[in-house]
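Q: Dumping the structure here so I can ask a few things about it.
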Amino acid sequence: MNTALVINKLVVVGIGLIGGSLAAACKKRGVCSEVIGVARRAEVCERAVANGVVDRATTQISELAGELGEGDVVFIAVPTLTVKKVLAEIKSCLSPAVTITDGASVKGSVRDDVVAIYGGEPSQVVLGHPIAGSEKSGVDAADPELYVDHRIILTPLKGNGVNHIERVTKMWQAVQAEVLEMDVDEHDAVLASTSHLPHAIAFSLVDTLAHDHQNENIFRYAAGGFRDFTRIASSDATMWRDIMLSNKPAVLSAIDMFVANLTRLRGMIEAEDATNITGVFTRAKAARDRFTNMLSHQAYSKTMQENAHSHIVYKVAPGGTVQGTIRVPGDKSISHRSIMLGSLAEGVTHVEGFLEGEDALATLQAFRDMGVVIEGPEDGRVTVHGVGLHGLQAPSGPLYVGNSGTSMRLLAGILAGQKFESELTGDESLTKRPMNRVALPLAEMGASIATANEGRPPLKIHGGAALKGINYDMPMASAQVKSCLLLAGLYAEGKTSVTEPAPTRDHTERMLRGFGYDVQRTGDTITVESGGKLTATDIDIPADISSATFFLVAAAITPGSDITLTHVGINPTRIGVINILNLMGANIELSNEREVGGEPVADIRLRYAPLKGIEVPESQVPLAIDEFPALMVAAACAEGTTVITGAEELRVKETDRIQAMIDGLTTLGIKCHATEDGAIIEGGQLGGGEVESFHDHRIAMSFTIAALRASGEITVNNCANVSTSFPNFTQLAKQVGISLEVIRS
Ligand SMILES: O=C(O)C1=C[C@@H](OP(=O)(O)O)[C@@H](O)[C@H](O)C1
Ligand SMILES: C=C(OP(=O)(O)O)C(=O)O
């Protein structure tokens with residue numbers, strides 16, 4: 001065999017769309033020495049040769065008996081129920097050294113055929129399924145590009161020889177397909193839902209309408225929707241009949257599931273149940289949008305530029321100034337809580353200014369997964385149809401909250417009070433973060449909650465436990481822990497009190513009151529009592545001061561800058577960044593101060609003034625906890641030394657933020673070092689270089705703004721997670737004057 005070739009001869013039995021396309025693709029790419037077609041009808045053989053799809057063709061496989069051996073591949077591409085006949089013929093005349101594979105859409109029935117004919121699982125027959133069908137069929141539809149970037153699922157049998165599996169794999173890869181392996185039964189169950197059911201529905205729908213006496217009109221006026229939905233009803237009828245019959249049990253259960261759901265929807269329409277119809281449609285839309293994004297390799301935020309699966313790098317040119325008036329997206333902490341409390345309320349809550357970032361969307365999805373009807377988000381507007389404190393339903397699987405610590409910890413409190421079991425999972429970063437800080441006090445309240453090793457996610461929560469209120473002395477200043485326990489307190493017998501070692505963001509308390517729920521505060525202790533209810537309300541979410549921080553610091557370090565950030569939340573428990581920048585000498589002006597929905601907001605203007613190093617007061621640390629990565633850039637650009645202490649919590653965020661910032665600043669030529677609970681940073685000249693964000697959104701954005709004062713270009717690696725909190729960051733950064741290039745790979 002010529003070593004440049006991937007296989008020797010390729011024999012395609014059945015020269016339709018699937019077989020003809022592999023033949024044409026192999027010919028075009030020089031994958032094999034010769035392509036031979038086998039078809040039942042002589043005219044198909046002639047057309048295949050005339051079209052250049054195969055080199056030669058025959059109606060009899062047996063004619064090839066003498067010439068095939070090791071290195072040759074036979075691809076069986078006939079309707080599923082004909083495979084058995086072809087296999088029997090092959091067995092009777094071809095050498096056991098020949099590799100045989102197929103393209104049937106159902107694998108269980110073909111496996112049974114193989115076993116019946118060979119009396120076991122032979123080495124040479126490797127089953128496969130190219131997921132690249134189309135409504136087109138026949139030799140004229142053969143397309144040499146059909147398999148490019150499509151998936152081929154191989155379902156090897158135990159008896160298969162490694163050489164045969166490898167040969168089939170390499171053949172598919174050579175026509176630019178992606179090869180995956182799956183178990184036969186799993187394949188058939190997955191395909192029953194994703195492919196066989198939609199085909200059954202499309203055929204049945206068109207057939208139903210075609211029988212209608214008004215069908216002429218229906219087809220004449222049926223525009224895009226009908227056409228889009230029923231495209232696959234033009235697929236090959238024999239092939240699909242065979243698929244339905246050979247995958248009968250899995251197809252039947254998929255049809256039953258669908259019929260039950262359609263009947264439920266019918267009932268909702270009959271009862272004019274607008275809320276639940278909205279529920280079905282919004283859940284479906286969200287799932288379909290996510291799926292569309294998945295197909296285009298994006299994660300589920302509509303507005304996001306980046307995605308979690310690909311590598312995104314920011315290249316930021318040095319210099320520039322920062323100018324303009326902008327509004328950054330909605331507050332992340334308040335966005336999470338608006339969905340949570342809106343869902344647990346009675347009535348319909350309208351939210352404006354909702355953050356359409358991955359973290360807040362993860363919370364939204366979790367509540368949809370628990371049966372809450374949520375419309376939007378659409379330009380920051382979300383409508384939550386509350387189900388009341390006891391109206392959540394058991395989710396059908398684990399609740400995945402991505403990168404979001406807030407979602408996981410606050411949800412843990414709510415879920416501890418439910419009757420059903422639940423599981424909370426997250427991405428790689430979240431899976432490393434400590435959860436005992438909520439799991440232990442929840443257990444003390446009587447919750448049955450299990451973590452993985454060392455208190456890490458996933459969290460498994462056994463519902464139905466009777467919770468009891470406790471008085472909890474919080475060992476760390478954490479709004480997430482406080483909020484988790486207060487939310488669990490809504491379900492606990494008696495009073496639940498949390499005492500905080502220092503003030504932390506109080507959005508939960510404010511919003512609970514906004515929903516008409518009594519929350520008491522005495523000194524450092526916050527108390528709720530169960531037995532109340534939440535009443536729906538409208539929420540206007542201010543711009544996120546944590547996102548605004550990147551532009552405040554950008555202007556604060558760059559001579560000539562003048563920036564105004566509008567409608568920013570200035571809750572006293574969040575304004576540490578303003579206090580710290582003021583202490584460093586920044587020129588900050590607040591105007592237009594007002595209150596929206598229980599939260600104070602203002603426009604913030606910052607004009608450049610030289611910064612000086614300070615000892616950051618520990619009292620400010622919890623009030624600026626997420627702002628430290630950016631503040632450490634400010635410190636690097638200040639005159640003198642900045643000392644940060646009491647900030648050990650930074651080590652357990654999306655990454656160890658102390659170490660990540662010290663590593664990056666050191667790379668950029670700043671003298672600095674980490675301490676156990678903070679850092680010491682000497683102001684100096686930032687140089688250019690390549691820094692790592694460790695997939696942490698705030699680290700990525702901090703090093704982006706650092707370039708304004710750097711002497712060379714800064715490259716920031718792994719920036720996809722910026723979309724968790726600030727989906728339009730790069731757009732706003734460019735708008736105000738940062739020379740940023742986004743590189744995806
Ligand atoms: O309650 C919240 O919304 C948050 C609290 C803080 O976390 P800790 O409670 O862990 O300090 C903060 O870092 C996080 O971004 C949001
Ligand atoms: C720490 C953060 O978020 P979370 O804890 O919700 O992941 C953050 O946004 O900086």
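Yeah, the Cβs are placed from backbone N, Cα and C, and that goes for glycine too.
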Q: Looking at the phosphoenolpyruvate binding annotation from TrEMBL, with Lys332, Gly405, Arg433, Gln480, Arg698 already listed, which candidate in Arg368, Arg513, Arg657 is the matching residue?
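A: Only hit among Arg368, Arg513, Arg657 in TrEMBL's phosphoenolpyruvate site, alongside Lys332, Gly405, Arg433, Gln480, Arg698: Arg657.
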Q: Can you list which of these binding-site residues (Ser333, Arg337, Ser478, Gln480) have a Cβ closer than 6 Å to ligand 1?
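A: The binding-site residues passing the 6 Å Cβ test are Ser333, Ser478, Gln480.
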Q: Can you tell me how many other Cβ atoms are located within 10 Å of the Cβ belonging to Arg337 (3-phosphoshikimate binding site)?
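A: There are 26 such Cβ atoms around Arg337 (3-phosphoshikimate binding site).
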Q: Using the alpha carbons only, what distance in Å do you get between Arg698 (phosphoenolpyruvate binding site) and Asp626 (active site, proton acceptor) once rounded?
A: 8
Q: Taking the residues Lys332, Ser333, Arg337, Ser478, Gln480, Asp626, Lys653, which the record names as binding 3-phosphoshikimate, find the longest CA to CA distance and state it in Å to the nearest whole number.
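A: Across Lys332, Ser333, Arg337, Ser478, Gln480, Asp626, Lys653, the two farthest Cα atoms sit 19 Å apart.
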Q: Just name the winner among Ser333, Ser478, Gln480 (the binding-site residues) by count of other CB atoms within 10 A of its CB.
A: Ser333
Q: Most Cβ neighbours within 10 Å: which of the binding-site residues Lys332, Arg433, Lys653, Arg657, Arg698 is it?
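A: When each Cβ's neighbours within 10 Å are tallied, Arg698 leads.
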